[in-house]
Ligand SMILES: O=C(O)C1=C[C@@H](OP(=O)(O)O)[C@@H](O)[C@H](O)C1
Ligand SMILES: C=C(OP(=O)(O)O)C(=O)O
């Protein structure tokens, strides 16, 4: 693929899926789309309808292409691969859209010999009962999941190319091993289709002249919609995924027999049991769908900012610290009795942790005001969840809860949204498995995380390869629940909220010789806690007040734990004007009021010892450095790549659009700042990452023209009260759909 030309994507099979992909891709202008179909006239019709750019008439004369996407029924893949084999090069990216992946991989192995590096099977979880080129819909994949099942032979480049193409048509890309994909799909898609076909057929045959359908209402319609799907396609799928489908079908048949028996013997309790469990699982599913929908809607919003003409002013209290909020409710769930937590963060990530704990059987009262009451049943008091735990985009929820669940003696599954499903989870798998836990991840070391039950865990001495409070806390929580000691050492310091909370609850925590040693207690008493204001949110306002002349703001009750305040130290070193007032302690954490005024800044060099203490504030620090006179060097920023987005990439791209001089050298960022220059206006994209969005919003306050921050609506969920705070301090920012 050349750097300048659009990739040439050849779609073979212009049914609903292939044609919809082609149409959406063409509309997104991210590829030149070629199309081919075995049925006469279909590709020509697709050209007429503007679905493709070019028809490929037969396999003897195939123009060059970079990506081959095979969208034919599963059992026809083999012959398409054989037909195209002579046209594949080492660089061709090959994928498919089949609902079964095992047979496609087998077919490729047989036809192609060794599996090529460019081959990455895929499956969009989108479909409709309609079929054919005329049914093509350019929004068919919008906000739908696309599962890639990379093989050990697949290259990262091929995965990246396909990810980009599917994202261009609106899909959320996740990865999964082939076998797991086939098992999951057998249960969630193939079995329901089999049941729908079978029920409609039974009823249609039962009633002469199909009289019965005249009376069939909502239940029949909802349950059997998918029985109108393409018979050939589904015939292929069942033959191709026979083993996994039969496995779940037999289980279902046994359960159905039990229900029949319960009805026969008038066992109402058994019916109620099953229906109650099913309702709660279905309600949970609805909740996930709604939360995905809401997040999707939020991500699509844009923040529109205009430059500020006068300084920021006013006094604010911020939502409770997100990191402490996660930990407080987790520990409260493991404690004995009723815990009272005030100042709970209430942002989306914190709510994710709360909801997961509820699903694990913990009674939690929360009225959205930051006051939360949690009734814990002790270190062994959690109950197995009846369906996977959905972690949204929250890395902290996933990693900390994985630590807790690894020691519970029951199985759990943790799943996340598209962004979280790309983030490294092997960093917790390693230490937890060293303790004897069993965690299964995708081959790329990402979620879903399957936690298998084990009888017990053992103690651990572990040197973390990176400074990560999430990894450290996952190990501490596993040790706490399993009742085994843990010793850890980090390369540089990371936030120590878990340690402080545990110490506050009387646990034995020691930090001598650079090692953190934890001896777990037998039980944990309930908490009574006031959570300080979130320093990481405060940092955005501190940065904006520093940059906009005339600013003078006060942020009250902010947590100033030294393992979090690298940003404050750097800002002061650059010449920032911050007064740290009324220093006090709250809930075992140092807290202060911060007065921040405008100040011109100078450059500086900041070594890796700042990384862990500044990690979430780096994006906004880059903005400050771009307005500080001289060359600033910030070392050891690699971890930014593993957040909600690749924050290094996003910040460098966006700040470059805004006219900043910023570059990456190894793991260091170099920014040549100009104190006398405003940022340019323009369009930047934060790809759904709230910290990147807020960093750009700060830059926009001192831009010469308006800045549109695309995909930034998640700020609203991540920062409760954002709009009100922005207007109180005087920002010029609006949220637009
Ligand atoms: O433990 C925590 O609460 C957090 C730790 C950090 O992540 P890592 O541990 O992955 O560095 C940070 O970026 C995140 O926002 C919150
Ligand atoms: C990285 C962050 O959170 P998490 O890792 O919990 O998703 C963040 O809030 O910046």
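Every residue, even glycine, has its Cβ placed from backbone N, Cα and C.
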* To do: Given that TrEMBL annotates 322, 323, 327, 468, 470, 643 as binding 3-phosphoshikimate, state which candidate in 616, 668, 676 belongs to that site as well.
  => 616
* Asked: Can you tell which of the binding-site residues (322, 643, 691) has the fewest other C-beta atoms within 10 angstroms of its C-beta?
  -> 643
* Cβ contacts of residue 323 (3-phosphoshikimate binding site) (under 8 Å, same chain, 6 or more positions away) -> 396, 469, 495, 497
* Please report the DSSP secondary structure of residue 643 (3-phosphoshikimate binding site), reduced to three states. => coil
* Structure fact -> Whole-Å Cα distance, residue 322 (3-phosphoshikimate binding site) to residue 647 (phosphoenolpyruvate binding site), is 19
* Structure fact -> The most crowded of the binding-site residues 327, 423, 647, judged by neighbouring Cβ atoms within 10 Å of its own Cβ, is 327
* Say you check the Cα of residue 423 (phosphoenolpyruvate binding site) against those of the binding-site residues 470, 616, 643; which is nearest? -> 643
* To do: Among the binding-site residues 323, 395, 468, name every one whose Cβ is found under 6 angstroms from ligand 2, counting any of its atoms.
  => 395
* Once near-sequence residues are set aside, which residues in the chain of residue 395 (phosphoenolpyruvate binding site), 6 or more away, have Cβ atoms under 8 Å from its Cβ? -> 420, 423, 470, 643, 644
